[in-house]
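One structure is given here, and the rest of the page talks about it.
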Amino acid sequence: MRLILLSGLLLLGTFLANGDETDPDGQVLNSLIETLMHLQREFANLKYAFLTVHKARSFGSGSERLYVSNKEIKNFEPLGDICSQAGGHIPSPQLENQNKAFANVLERHNKAAYLVVGDSANFTNWAAGQPNEADGTCVKADTHGSWHSASCDDNLLVVCEFYFIL
């Protein structure tokens with residue numbers, strides 16, 4: 001959308017710089033201005049629609065972060081690239097409501113998924129007896145949102161975390 005707006009501005013700028021002797025009444029210029037204004041309104045409408053959907057999904061999950069699965073099953077190695085290419089990150093719930101939103105996805109799919117726990121995490125949800133590095137060096141969440149040590153070779157549900165700074 002921004003590319004279209006920039007193209008319109010470029011055309012308008014070129015037109016103004018060169019002038020147009022075949023359009024003395026300025027019909028082309030007026031048409032370009034009208035088109036640009038229409039595109040600006042459309043962009044504003046799309047932005048509003050996007051923000052409305054984001055707010056509704058955030059409201060429904062109780063979290064400003066969205067957790068989404070592509071339904072694939074993978075080990076930990078490709079997960080960072082998969083999420084990054086989608087514009088997200090490996091899940092890293094920082095608050096209880098974020099962990100609940102993450103767990104809702106796992107419960108819907110009846111599968112566990114990887115997450116990343118930061119060194120300075122203020123929130124954790126380790127299951128009893130966890131973490132246990134004997135089970136592995138990665139971390140997975142079960143369908144209830146409890147965290148467990150896991151092998152990084154386990155094939156788990158691919159879930160990515162998305163959040164928007166507005």
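The backbone N, Cα and C atoms fix where each Cβ goes, glycine too.
For 1-19, the entry in Swiss-Prot reads signal peptide, with the evidence type experimental evidence. The domain 'C-type lectin' feature in Swiss-Prot is assigned to 46-161; the stated evidence is sequence analysis. Taken from Swiss-Prot, the feature disulfide bond applies to C83-C160, C138-C152, supported by similarity to another entry. What Swiss-Prot records for N122 is N-linked glycosylation site, and it gives sequence analysis as the kind of evidence.
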C-beta crowding around C138 (disulfide bond), within 10 angstroms: 21
Helix, strand and coil residues within the domain 'C-type lectin' (46-161) as assigned by DSSP: 40 helix, 29 strand, 47 coil
Winner by Cβ contact number (other Cβ atoms within 10 Å) across the disulfide-bonded residues C83, C152, C160: C160
Sequence-distant neighbours of N122 (N-linked glycosylation site) in its chain (C-beta under 8 A, six or more apart): Q94
Between C138 (disulfide bond) and C83 (disulfide bond), the C-alpha gap once rounded to whole angstrom: 17
Reported mean pLDDT - the domain 'C-type lectin' (46-161): 90
Rounded distance in angstrom between the Cα atoms of C160 (disulfide bond) and C152 (disulfide bond): 16
